[in-house]
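Chemist: Mind looking over this structure? Questions follow.
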Amino acid sequence: MNIHEYQAKALLRDYGAPVSDGRIVTRAEDAKTAAGELDGPLWVVKAQIHAGGRGKGSFKEADSGDGGGVRLAKSVQEAADQAKKMLGRTLVTHQTGPGGKQVGRVYIEDGSGIETELYLALLVDRQTSRVSFVCSTEGGMDIEEVAAATTEKILSFSVDPATGYQAFHGRRIAFALGLTGQQVKQCVKLMGQLYAMFVDKDMEMLEINPLIVTDSGDLKCLDAKMGFDSNALYRNADIANLRDETEEDPKELQASKYDLNYIALDGEIGCMVNGAGLAMATMDIIKLYGAEPANFLDVGGGATKEKVTEAFKIITSDPQVKGILVNIFGGIMRCDVIAEGVIAAVKEVGLQVPLVVRLEGTNVDKGKEIISNSGLDVIAADDLKDGAQKIVKAVKG
Ligand code: GDP
Ligand code: MN
């Protein structure tokens, strides 16, 4: 689960990390009061969406004025005007996709004078199963670009959980970033705060890009991106409360309510499968026969008729879906239950696209019988290969 920059900064503040003072605004008429509560002489107005690259992004609406989703202002009035130009508009960045994201909140911040922009991140390193620090002198840019062009400018190392964070970790980062004097001490303290919050709150990633040295020579977190382990939200109620459902794919949100493992993709073939491994194999074989999956969907081992119906509805609500492949191996799951769910769903939402069903396993004969007696226009398949070929043929001709 991801959170907004302003929420991440509030968390940073709780842990004593240096951030600017700021106010969150959802209505344009509140912007002037909010900006007036900050000192100036520089203000920054920042669109709050769950995507990076806001500064270099652009708005779809012509009357949004010049600039992207991060704008500097030299007066309270100018800050309020910029907030008004962003709220309710659609911001497109290289991370939002061409559709962009609607800006429902802007964060107005006390502007900082910048000496240098640095990069800092913490993440869970899957190789070492440890928390790793990643830092670079090349802040404010896409770290993927830095990694591709100048790998030597990135320092990365993991922390032994037995010792936890130690001052030498912080000093190693400080020297790699070219910090001196008082900044080294600030860095050692800040890295300790970041490590503590990362572990306390079950984060998956924490990115400060840029971490800056201000014109008065102090470290400050100018941007903040945090991702949390969804499986640990049960023990972090404070984090779970920060969830902004308007930022999530509506289909994925609906699926999560029914405990379905659904991820929207870009292809044209909707898939309903049980078991993550079989779902992956189904996606692979669809690609092998020349089409692209529209989603990953694992309905789980103990799916009920209601769950199957809901899953089917979610797949058909995607306008990109040109055909559906149901691929079920009935182990714990019974094929007749799946068949009933599919039929109930088709009766409820109708079927505008070809549907191929491949059933195997427990109660397979009963399942096939239910489908062939339903009078629905369903293409039966014998195995995975046959199913994939049939649905690709039905969609591509
Ligand atoms: P992102 O584009 O979504 O990553 O948003 P950031 O918060 O990282 O802001 C983008 C860029 O705007 C930063 O790299 C800075 O160069 C600039 N910026 C953001 N806040 C300030 C500020 O307080 N003062 C100044 N001078 N520039 C800022
Ligand atoms: Mn940034």
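Note that Cβ sites are derived from N, Cα and C of the backbone, with glycine treated the same way.
All annotation found in TrEMBL is predicted automatically rather than curated by experts.
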Chemist: Report the candidate from N261, N274, N373 that shares the substrate site with G331, I332, M333, as recorded in TrEMBL.
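Modeler: Matched candidate out of N261, N274, N373, per TrEMBL for substrate with G331, I332, M333: N274.
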Chemist: I'd like the per-state residue tally for the domain 'ATP-grasp' (9-55) from DSSP, helix first, then strand, then coil.
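Modeler: Once the DSSP states are binned, the domain 'ATP-grasp' (9-55) shows 15 helix, 9 strand, 23 coil.
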Chemist: Indicate whether N209 (Mg(2+) binding site) is helix, strand or coil by DSSP.
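Modeler: Note: N209 (Mg(2+) binding site) is in a strand by DSSP.
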Chemist: Among the binding-site residues K46, R54, E109, S112, E117, I332, which ones place their C-alpha within 10 angstroms of the C-alpha of N209 (Mg(2+) binding site)?
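Modeler: Hits: E117.
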Chemist: Mean pLDDT over the domain 'ATP-grasp' (9-55): what is the value?
Modeler: 97
